[in-house]
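Trainee: Per TrEMBL, the feature domain 'Major facilitator superfamily (MFS) profile' maps to 1-194, 350-514. Per TrEMBL, transmembrane segment is recorded for 12-37, 43-70, 82-100, 106-129, 141-159, 165-189, 355-380, 422-442, 448-470, 482-502.
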Amino acid sequence: MSSPQSVLEGGWGWVIVAANSVINLTLLPLLTCFGILFEDKFLMMGITAVETSFLLHLGTSITCLLGLAGGPLLRRFSFRQVALLGCLLTALGVTFTSQANSYSGFIFTYCVLLAVGQGLLYPATSLALNSYFCRRRSTAMGLTIAVTGLGPVVTPLIVTRLIEGFGVTGAVLVLGGVSFHSLAAAALLRPLRKKRSVPSMEERELLEIGETKDTEGKRCPTKDQLMSRSLIREQGKEDITNNGYIIIPVLSDNHLENKDENIKDEVQTNGETLREGHVGTETCTVTPVIYPVRSDQTVHMRKNSRRGLVEQECRQCQQQDQSMLDNSGACLEQTKRLGRFIVMSLDLTLLRDPVYLNIVVGMGLSFVAELNFNMLMPFILADLAGLSRKQVAIVMSVQASLDITARFLVPPMADRWQWKSRNVYMVSLLGSIMGRTLLAHLSSHYHLVLAISVLLGLSKGIKAVFQALIIPNYVPLERLPAASGLLMVNNGLISLVLGPLIGKFSYLEISGGS
């Protein structure tokens with residue numbers, strides 16, 4: 001078996017990279033081409049744009065909220081098992097969507113099956129990739145995201161030809177068949193094997209013989225011997241007095257002849273030794289022997305017994321009071337126990353880390369801003385900049401080309417010069433801010449818009465790679481599923497709150513400008 005360092009820097013990890021790319025390419029066409037596939041069908045069914053928007057946002061929210069389940073599942077099952085379940089649910093969702101003929105049917109197939117599958121799949125594939133790479137993690141993630149980015153370039157053309165040949169239902173059914181190939185790719189997500197410590201020759205001999213030796217090489221007492229000794233001592237303590245008599249456990253005669261080991265058990269009354277016994281190495285038969293005791297001792301013992309009864313009644317009263325207090329606080333204790341279980345299962349202690357909170361909130365805001373900008377950019381170029389449809393297509397193509405180029409080129413550079421993921425991500429955010437600001441003020445010049453699209457494309461590609469590396473590089477690998485799940489939940493909540501507001505303001509701005 002290879003060393004851990006070599007495993008963490010590649011090996012089967014490159015197969016993991018290829019498998020993740022295949023999973024994304026086979027499962028994402030329905031998501032990227034949803035509008036092309038169902039635009040005419042929704043018009044025929046009478047589904048409005050508001051209902052379509054709600055359907056898409058509901059699916060995204062369920063996917064993000066399912067991130068909370070990633071941590072507990074990946075602690076119990078391997079990432080290959082979780083990925084297989086996610087691929088199966090997603091493929092079933094794509095296939096059943098082809099037969100959906102009502103709005104509720106789309107909610108079940110798209111928002112339940114497909115979204116739940118995606119929510120389980122993302123933490124599993126992320127953990128699989130990060131488990132095999134450490135120093136070259138940026139290169140591996142860059143290749144995965146770059147190959148995935150090629151899908152939206154090709155799939156619209158393929159989907160259009162499928163619709164022309166088989167109709168919408170047939171096209172989605174073909175995509176469903178393709179999506180089942182993700183199961184073969186998920187089966188390649190082999191978990192890392194832990195090294196087993198090989199027992200030494202002496203340990204194997206001890207396991208075969210069934211005996212243990214102490215540090216001095218002396219023979220240790222057997223279990224039967226220890227049980228015999230403890231039995232004698234315990235019976236000597238519990239049965240020492242009974243109605244004015246002293247009861248002493250005595251070994252049977254057939255065991256007194258064994259001389260392997262002698263143990264003297266002495267019970268004294270007023271300084272006088274009453275009995276001695278010898279214990280053999282085997283389990284001994286103990287016979288109680290009753291000795292009479294003087295009358296003054298008997299009186300003294302009876303007084304002590306009455307005092308013991310009073311003390312016992314007091315202890316019983318205290319126990320009853322304590323049980324009442326315990327019953328009154330049982331509900332509170334169960335609530336606390338449930339809270340501790342939830343915190344431990346979801347690893348919510350991560351929220352105590354201010355650096356992690358800063359990362360999660362910042363990435364959530366960036367996610368929402370990027371999502372809304374990508375959706376509104378064609379409208380901005382057409383309505384505010386006054387560009388023709390051909391010019392808008394050229395600008396979008398330039399941006400997409402620079403996006404994919406950055407995904408391929410920047411991660412190897414970051415690995416070579418050991419750039420930190422957070423620093424590179426911050427540079428990409430600055431590039432996006434500059435590009436959007438310039439686009440808002442210089443959108444009337446076509447050539448300037450082309451130059452700005454270069455900056456936006458580079459920033460988008462860099463951000464797509466390194467935003468997936470910030471959390472894995474900050475938290476330990478065993479806490480990665482929970483940390484990624486909390487990030488997904490945060491993105492979903494911020495998207496639900498701020499997404500519609502940004503879309504509404506942008507719509508009002510575009511309507512006012514036009």
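Backbone N, Cα and C define each Cβ position, glycine as well.
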Trainee: Give the one range among 43-70, 106-129, 141-159, 422-442, 448-470 whose Cβ atoms make the most pairs under 8 Å with those of the transmembrane segment (482-502).
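Mentor: It is 43-70 that shares the most Cβ pairs under 8 Å with the transmembrane segment (482-502).
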Trainee: Are there residues at least six beyond either end of the transmembrane segment (106-129) with Cβ under 8 Å to its Cβ atoms? List them, or say none.
Mentor: 13, 16-17, 19-20, 23, 27, 30, 55, 58-60, 62-67, 69-71, 73-74, 79-80, 82-83, 85-94, 96-97, 100, 137, 140-141, 144, 189, 191, 468, 472, 477, 480-481, 484-485, 488
Trainee: Taking all residues of the domain 'Major facilitator superfamily (MFS) profile' (1-194) together, what is their mean pLDDT?
Mentor: 88
Trainee: Report, as numbers and ranges, which residues of the same chain sit near the transmembrane segment (448-470): CB under 8 Å and 6 or more residues beyond its ends.
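Mentor: Hits for the transmembrane segment (448-470): 126, 137-138, 141-142, 145-146, 149, 359, 363, 366-367, 370, 381, 385, 387, 394-396, 398-407, 410-411, 414, 421-422, 424-425, 427-429, 431-432, 434-436, 438-439, 442.
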